[in-house]
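Report on one structure; see the data block that follows.
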Amino acid sequence: MRIGVLVSGGDCPGLNAAIRGAVLRGVDVLGFEMIGFMDGWRGVIEGEWIPLDRAAVRGISPLGGTILGTSRVSPLTPEVGVEGIRAKLAEYGVDGLITIGGNGTQTVARILSDAGIPTIGLPKTIDNDLAGTDYTFGFDTAVSIATEAIDRLRTTGESHRRCMVLEVMGRDAGWIALHAGMAGGAQVILLPEYSESLDQVCAWVESVRDRDRAPLVVVAEGFKLEGMEHEVTRAGLDGFGRPRLGGIGEVLAPLIEERTGMESRATVLGHVQRGGVPTAFDRVLATRAGIAAADAAAAGEWGTMAALHGTRLEMVPLAEAVGRLNTVPEDRYEEVRRLFG
Ligand code: F6P
């Protein structure tokens, strides 16, 4: 059996460990021939791939990024579409696909699979917003990096008695902000799922200032200030007038300063939290997911995705993973407030 592997969407730490897990199990143990398409669907469309064997994956687990490259190219265009992908895979002699990606990628995987193209999903994203699995690899590393940033911001914030605002990634789900904020002891944690008013944010900042000297605010990039969506969007336009993600931290810090009189500074962590060496947890999760995907291919369990349930790695139907997001539930958000009142 010839299996094609690809990575699509934003990269994250752990991708290489997942590829290695699938290849060592698939090629060495199950006897597959495996190839890796370069830059996601672009490689499928343009016919660019590399052979994946033991030598290709030797020593790659600790490496960030992906040896296969990635892109946000979608195959579901009028020019390509499901039939175009079917034809390409037939041309390359590929019997099945392992698609490593987040929500967008697994949505495509489901469409292909429903159309009879044998596909297995392998979930990844630093945002941890993919449904059907408890955690995605990449998340733990991003949280570690964001936590270290908080630890560092705290000492400089306390020295100067400033309000430090850290913006982390998380467009639709605030898992990174929630976990890093809790691990780093941030007193204000702002998530895309729960709008807050500027009055409320400033009330929290002022109570921390009076009690703890230097407030630390962690804000996810998708957070919206209640009643101020318009202003925030305007402030978040890039040089070409397009809405820019990643602007909320820089919008919030001056507003806090203006309203509370407390000197405030913003740091946008950006892609630092997506690059570099994966944590041991992410390497283990990614390796296990890779092994599970190869086993599922051998068993003909197409149309499924490798998911973590508690400590168990299980295959779930792709339909369970797509069409909805794993967002932060209210009780997890309220838990943070229980620390600070
Ligand atoms: O999907 C993961 C993510 O990290 C989001 O949190 C973020 O909005 C996005 O990727 C940014 O991706 P890029 O800069 O690669 O387009």
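For all residues, glycine too, the Cβ spot is worked out from N, Cα and C.
Binding of substrate is attributed by TrEMBL to T125, I126, D127, M169, G170, R171, E221, R265, H271, V272, Q273, R274, and the same site annotation extends, among R161, R162, to R162. For the ATP site, TrEMBL gives R72, V73, G102, N103, G104, T105; the one candidate out of G4, G10, G14, G157 that the record lists there too is G10. Ranked by CA distance from T125 (substrate binding site), the binding-site residues G10, G104, T105 have G10 at the top as the closest. Pairwise Cα distances among T125, I126, D127, R162, M169, G170, R171, E221, R265, H271, V272, Q273, R274, the recorded substrate-binding residues, top out at 33 Å. With a cut-off of under 6 Å between the Cβ and any atom of ligand 1, the binding-site residues N103, T105, R171, R265, V272 reduce to R171. Mean model confidence of the domain 'Phosphofructokinase' (2-296) amounts to 94 (pLDDT, 0 to 100 scale). Within 10 Å of G10 (ATP binding site), counting C-alpha to C-alpha distances, fall the following of the binding-site residues M169, R171, R265, V272, R274: R274. Most other Cβ atoms within 10 A: among the binding-site residues R72, R171, R265, R274, that distinction falls to R274. Of all the binding-site residues given, namely M169, R171, R265, V272, R274, none has its Cα within 10 Å of the Cα of G102 (ATP binding site).
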